[in-house]
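Quick notes on the structure that follows.
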Amino acid sequence: MPTITPIASFIDNYIWQVRESNNRIVAFVDPGDANPVLLAVEREGIVPGAILLTHHHRDHAGGVEEIKERYPHIPVFGPARERIPGVTHPVEEDRIIGIPGTRLSFRVLDVPGHTKGHVAYYGQGALFCGDTVFSVGCGRLFEGVPMEMHRSLQRIAALPPETLLYCAHEYTLDNIRFAKQIEPANPELARREQEAFERIDEDLPTVPSTLAGESATNPFLRCHTPQVIQAAENYAGRKLAGPVAVFATIRRWKDNWRR
């Protein structure tokens, strides 16, 4: 397992730094801001070996061109279905990418929904999932439709339960508050909330989370469960025809939710 380190950026973004032990070459995932990346490079004496982009939003891809000014030959992997300035290696479903100068490799998963071309990178027991799935939540549907996003989340849910999910935002506590509206009696939510408070008190990120933990607490991965179905139908005021309709309902609920 590589060493994976969060680099905080903007208000609540995480850029992920991925590094093998005893290797100065690192990969950066979703560097929306070049400044903290370049500071980390200088401070730690590391060498940028690759950039991995999950989607085109500026808070994920906005730092690429400035990093390339300093490191013009760095390979930049990004979704083939999106036009992102600076991408040198467009990637699609099932492509295996290797980080030059390392033994690190990742498989590309197409996970549209948040954006039309959103991808995730899976390897070494880790999933870099951008804004598709969050800790106890999922991304808004800016370009996709509920069926796409639900399918993408189900793809992720089928990965091994010990998979570590490296999402791109610190949203855990807010997402737990919403999830408790849906499953107020879920003891795993109470446990994760306590863990999140403890980590925040220690000035630590609340992510990554495990897929097993998400399967037990994330309402967007639990649209097949009686508790989530009942809550969604109560909100909609009618019966819902299957998990996609349940997902669409709770996604709309979250979009309109007032904390």
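Glycine is treated like the rest: Cβ placed from N, Cα and C.
TrEMBL labels come from automatic prediction, so no person has curated them.
Taken from TrEMBL, the feature Zn(2+) 1 binding site covers H55, H57, H114, D131. All protein chains included, H57 (Zn(2+) 1 binding site) registers 21 other Cβ atoms within 10 Å of its own Cβ.
Long-range Cβ neighbours of H60 (Zn(2+) 2 binding site) (same chain, at least 6 residues apart, Cβ-Cβ under 8 Å): N13, D30, P31, G32, L53, T54, G130, D131, A168. Per TrEMBL, the feature Zn(2+) 2 binding site maps to D59, H60, D131, H169.
Per TrEMBL, domain 'Metallo-beta-lactamase' is recorded for 12-169.
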- Query: Near the Zn(2+) 1 site, what residues other than H55, H57, H114, D131 in the same chain have a C-beta no further than 8 Å from the centroid of the listed C-beta atoms?
  - Reply: T54, H56, H60, T115, H118, G130, T132, G139, F142, A168
- Query: In angstrom units, rounded to an integer, how far apart are the Cα atoms of D59 (Zn(2+) 2 binding site) and H114 (Zn(2+) 1 binding site)?
  - Reply: 14
- Task: For the domain 'Metallo-beta-lactamase' (12-169), would you mind checking the mean pLDDT of the predicted model?
- Result: 98
